[in-house]
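The structure under discussion appears below in the form of structure tokens.
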Amino acid sequence: MSKIEKITKQLQHEQADAAWITTPLNVFYFTGYRSEPHERLFALLITANGDQTLYCPKMEVEEVKNSPFEGKIIGYLDTENPFEIDPLSFNKLLIESEHLTVKRQRELTQNFGVQHYGDIDQTIKELRNIKNESEIENIREAAKLADKCIEIGTEFLKVGVTEREVVNHIENEIKKFGVSEMSFDTMVLFGDHAASPHGTPGERKLVKDEYVLFDLGVIYNHYCSDMTRTVKFGTPSEEAQTIYNIVLEAETNAIEAIRAGVPLQDIDKIARDIISDAGYGDYFPHRLGHGLGLEEHEYQDVSSTNSNLLEAGMVITIEPGIYVPNVAGVRIEDDILVTENGYEILTHYDK
């Protein structure tokens, strides 16, 4: 069943007339056309019989025509009301309620005469959760480039270099490999600064005998990677090395349990129990991982409260961590493709 067929099936189930999709990444997912419209209306309308209409600024119409999208295009000028170009009326509309603004919903009510609304968010999340071969290949390439970023960063380490200098070096050098965008702000943290899980790289200078945490990702053909490595610079303290070994054991055991049909919460529990049994449970304050795809954080999460089952075609991260103030912060993260009988690790830089 195609993506559009799954949407129309949901529309029929909800007795809705159409779905209205406005999140740029979701529109891209269904159309193959990517836009950053800012304040302008950019939306995909999918009716219960499968008809598709893309609303976009008139200046983008030619680009849409050159994209994979084969539906109707309504291009509008900034001075026009796009809803008046082809007046429509719907009794019930499914919307992305997690994203659509109140202002935009009022426009739908006024212009389409919508009487009832429902949610399409979960259906789209579940569609994006299972990747096809093309998506997997894009993520695989993004993961290779993330590996290269870690290599670039570790080779640049030297006494006196700052966190920010390492970040800048990674992002400048990776452009030579065709990368134009990172998945998120690159994180490089030295020593106990890494005890802040979402710390901001700054002017801290590297000294001998501490760990360096890299957390980064690359976008390749619209798809993200997201990996973390904590690498030695010299010989860190005994406690810091103990923490590292515990985190590595937790990650290794969690990954080895991955296969289709296993509850996500079971994977989280494996890693969390290892860290807790070692006495560091209070220093592991986040879920074990999350989905990965067009965004660096996607449905589903790998957490103690998620009883949903792993499915073949999912791509998730596994990223246990221990963060002890004034001692060390260690996190190790890999991107994992779930298969019917196990898993494939997509990120490969040494641990």
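Using the three backbone atoms N, Cα and C, a Cβ is placed for every residue, glycine included.
Keep in mind that this is a model prediction, so the values were computed, not measured.
According to Swiss-Prot, the Mn(2+) 2 binding site annotation covers Asp215, Asp226, Glu333, on the basis of sequence analysis. Sequence annotations record features per position, and here Swiss-Prot assigns Mn(2+) 1 binding site to Asp226, His290, Glu319, Glu333.
Overlay of Swiss-Prot annotations on the structure.
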| residue | record | DSSP (3 states) |
| --- | --- | --- |
| Asp215 | Mn(2+) 2 binding site | strand |
| Asp226 | Mn(2+) 2 binding site | coil |
| His290 | Mn(2+) 1 binding site | strand |
| Glu319 | Mn(2+) 1 binding site | coil |
| Glu333 | Mn(2+) 2 binding site | strand |
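The two recorded residues Glu319 (Mn(2+) 1 binding site) and Glu333 (Mn(2+) 2 binding site) have their Cα atoms spaced 4 Å from each other.
The Cβ of Asp226 (Mn(2+) 2 binding site) has 27 neighbouring Cβ atoms from other residues within 10 Å, across all protein chains displayed. Apart from the site residues Asp226, His290, Glu319, Glu333, the chain places the Cβ of Met227, Thr228, Gly289, Leu292, Glu296, Thr317, Ile318, Asp334, Asp335 no farther than 8 Å from the centroid of the site's Cβ atoms, the recorded Mn(2+) 1 location. Excluding Asp215, Asp226, Glu333, which define the Mn(2+) 2 site, the same chain contributes Leu216, Gly217, Met227, Thr228, Thr317, Glu319, Arg331 within 8 Å (Cβ to the Cβ centroid), listed in sequence order.
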